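Beneath this line is the structure, given in structure tokens, with notes to follow.
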Amino acid sequence: LAGAFCIPLYVPYVLTGRWIFGRSLCKLWLVVDYLLCTSSVFNIVLISYDRFLSVTRAVSYRAQQGNTRQAVLKMVLVWVLAFLLYGPAIISWEYISGQSIIPTGECYAEFFYNWYFLMTASTLEFFTPFISVMFFNLSIYLNIQKRTKMRLDVFHEVHNQSFTEEMERSPEAKLSLKCCKWEQKESAETLDLSKSKAQAAAYSSSLDAKDLLATSLESSRKPKCCNKKSCEDSASTLSSEKRAKIVSQGTTQRFRLSRDKKVAKSLAIIVGIFGICWAPYTLLMIIRAGCHGQCISEFWYETSFWLLWINSAVNPVLYPLCHSSFRRAFIKLLCPKKLKIQPHDVLQN
């Protein structure tokens, strides 16, 4: 809208230094220009607030996602508030004051040099929204940092679990551990058995059938895996399973950390560009009104004025670049036939 209506009317005015489109079109141009710039700021606040709720109050936010009426109401409210900030003053200022201070061939608002009105309007148009956007995005960032720390703590807790604890929880591990104990016991007793071999041979002839049966039953109670190779294989298998589990959890944590860092980075870019585009114009406008245009060069004021329109041009590109959900929304608006059906549970950046 700014590129289709505001800029084409402003370019001849800048080049010739004279407004040639009449008084009525001048007021319409001023209303639309102030409305678009202000609504752009308020929309940034609304988007930041929406993302703030989606991160800090995820459960209640998901429950209200299907409420289209509430979403439309918020967007309409943004445009109404943006109009009320400057629109009535542009239209009725000269009638309330009783006269117009704008010379013939010029086109600017009647309050252009009213420092008190501009200071109040700038507080509502820039300072309050900027502080709000900073608060929402800083809260999102701190929430992401908190979740990141919790995920890292959980990951380290899982990673530091001992191999013995893992074995004790598994039936196969218990068998393997028992097997190892039998092997260690038999190795320790080998020397004693060799020393008493003669005595055992002497008494072996006197063993009766009952003793032989008892010996056979005792031997059958030993684990069948009582050999060194089976013990090592069981331990290796359990160790591999645990390593695979840790690697899988580490990959998941790295993906979540990368996603959270991307969100924090995109929020910083949005806030930074908003401040760069709006702060120069707001400050110069207030200073210019205080000194009636004598202390600010026309070049710098024009430069800051064009920064507002640059911000309007950047926002529709900036948001889709930073968030996949915005990309899908823009594709749906501009090329609905090319949009593939997206699952409802797609993760948003």
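The chain as shown is numbered from 1 upward.
Glycine too: its Cβ is placed from the backbone N, Cα and C atoms.
Owing to the predicted nature of the structure, the values given are computational and were not obtained by experimental measurement.
What TrEMBL says about this one:
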- 1-319: domain 'G-protein coupled receptors family 1 profile' (DOMAIN)
- 28-50: transmembrane segment (TRANSMEM)
- 71-93: transmembrane segment (TRANSMEM)
- 113-142: transmembrane segment (TRANSMEM)
- 263-287: transmembrane segment (TRANSMEM)
- 299-322: transmembrane segment (TRANSMEM)
Should anything in the same chain at least six residues away from the transmembrane segment (113-142) have a Cβ under 8 Å from its Cβ atoms, list it; otherwise answer none. 38, 41-42, 44-45, 48-49, 51-52, 55-56, 85-86, 89, 101, 263-264, 267-268, 270-271, 274-275, 278-279, 282, 285-286, 288-290, 292-293
Against which stretches of its own chain does the transmembrane segment (28-50) lie, if we need a Cβ under 8 Å and a gap of at least six residues from its ends? 1-2, 5-6, 9-10, 21, 74-75, 78-79, 81-83, 85-87, 90-91, 107-109, 125-126, 129, 132-133, 136-137, 270, 274, 278, 308-309, 311-312, 315, 319
Residues of the same chain, at least six outside the transmembrane segment (263-287), with any C-beta under 8 angstroms of its C-beta? 41, 44, 48, 51, 115, 118-119, 122, 125-127, 130, 133-134, 137, 140-141, 144, 295-296, 300-301, 303-305, 307-308, 310-311, 314, 318-319, 322-323, 349
Mind looking up the mean pLDDT for the domain 'G-protein coupled receptors family 1 profile' (1-319) in the predicted model? 75
